[in-house]
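Trainee: Quick one: the structure is below, and I'll ask about it shortly.
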């Protein structure tokens, strides 16, 4: 039989996720700022590049299929990290080149961001699939929390350290810092994975055969034919679209309607992410057994988190109508907490569904869910800002325009909750990935 990962092994995968996050935050945030501020380029350029790296993640199912056929996830994780690191360095070189040759530099940056998207797809899909196969069912939400918190730590540490190393700014320094982060990320990944997958697999079960190397389209068709996988993909897309649509709308709303200063609006991001952290921890801790009782299921927290997110968005509608008197900062924090709760529960459900049906299609299923998320994030900013501009043109008043956008996002969360609530309970597969009881949440003990 195949043994489960313990918490030390989960933490090692968390290091890989932190390394992935370090490169992503450097390329999608720092390079964004350099293009707009230091190089005075149109903000549309980095926006399109970030959207491109999300669009490329439609390849996630194909990456997952490759790891299914190969039978091991480690080569795909390391290979994906190497491609991601190369794309990050190439994007930094392109950004430095834009200072003298904006056109060719932008073209090279597009290639770099394509590689970033491909690297994230290969590395992220294989990593989550490995978690789904090797983490006990009642620990999946806890494992997701550990891995995602470590990714957030990767964001924070990278942002803080590179921010100091980049001052005073120069193109050469940008390339040097990015190259250093990329090299460290690859080394951390290799060391974290050293012997990990082999250590967890003690003995292959007789019937645990590698899937046939059939055509990818056939494998994808089989997965899409499963109602649970199909409905959950739609849920992921809709909920993450509503989640991502907030990002580029919330701060302009606070400035235009509530009169917040630039400094005050910037602090909203930290406030909301603080709520996300609390929501993640609460959703994972709720599944711990307290005197024989558990406080929730993955589905319950997924549905409840989406409904709470919809209520928080309804609160923002009230903020648009009432004005500065509304407890806006508390509302933003509650929105973050609701988002954090549903996202961790959804990731736990994603890990369960990836292996629930067996058949050696875990990577394709995880890739399908990841592709839905990537496309949703790519469209989210466009939907939020586009709907805001359209509503402002239609209604004339900014408060009414923002209220309509927030109402639309609330409706998307409600629809996502309905889809999650209506999903059938997946039939468990035999073996270590099987669901042996109600899908509950648990944190490390």
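Cβ coordinates are placed from backbone N, Cα and C, and glycine is handled just like the others.
In case it's useful when we look at the structure, here is the feature table from TrEMBL:
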TRANSMEM  12-31  transmembrane segment
TRANSMEM  37-56  transmembrane segment
TRANSMEM  76-99  transmembrane segment
TRANSMEM  105-131  transmembrane segment
TRANSMEM  143-162  transmembrane segment
TRANSMEM  174-196  transmembrane segment
TRANSMEM  232-250  transmembrane segment
TRANSMEM  270-288  transmembrane segment
TRANSMEM  300-321  transmembrane segment
TRANSMEM  333-354  transmembrane segment
TRANSMEM  366-388  transmembrane segment
TRANSMEM  400-421  transmembrane segment
REGION    426-445  region 'Disordered'
Trainee: Counting only residues 6 or more past its boundaries, what in the same chain has a CB within less than 8 Å of a CB in the transmembrane segment (366-388)?
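Mentor: Those are 47, 51, 54-65, 117, 121, 124-125, 128-129, 132, 220, 223-224, 229, 232-234, 236-241, 243-249, 252, 350-351, 353-354, 401-402, 404-405, 408-409, in sequence order.
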Trainee: Using a Cβ-Cβ cut-off of under 8 Å, list the residues of the same chain that are 6+ residues beyond the ends of the transmembrane segment (143-162) and lie near it.
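Mentor: Those are 5, 7, 10-11, 13-15, 17-22, 25-26, 29-30, 131, 135, 177, 181, 273, 277, 280-281, 283-284, 344, 347-348, 351, 443-444, in sequence order.
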Trainee: Which stretch, 105-131, 174-196, 400-421, tops the Cβ pairs under 8 Å count with the transmembrane segment (76-99)?
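Mentor: The stretch I would name here is 105-131.
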Trainee: Based on Cβ pairs under 8 Å, which of the stretches 105-131, 232-250, 300-321, 400-421 lies most in contact with the transmembrane segment (270-288)?
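Mentor: Checked against 105-131, 232-250, 300-321, 400-421; highest Cβ contact count belongs to 300-321.
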Trainee: Under 8 Å, at least 3 Cβ pairs, sequence separation 6 or more: does that hold for the transmembrane segment (400-421) versus the transmembrane segment (37-56)?
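Mentor: Taking Cβ pairs at least 6 residues apart, the transmembrane segment (37-56) and the transmembrane segment (400-421) are not in contact, as fewer than 3 fall under 8 Å.
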Trainee: Do the transmembrane segment (105-131) and the transmembrane segment (232-250) come close, with at least three CB pairs under 8 A (pairs 6 or more apart in sequence)?
Mentor: no
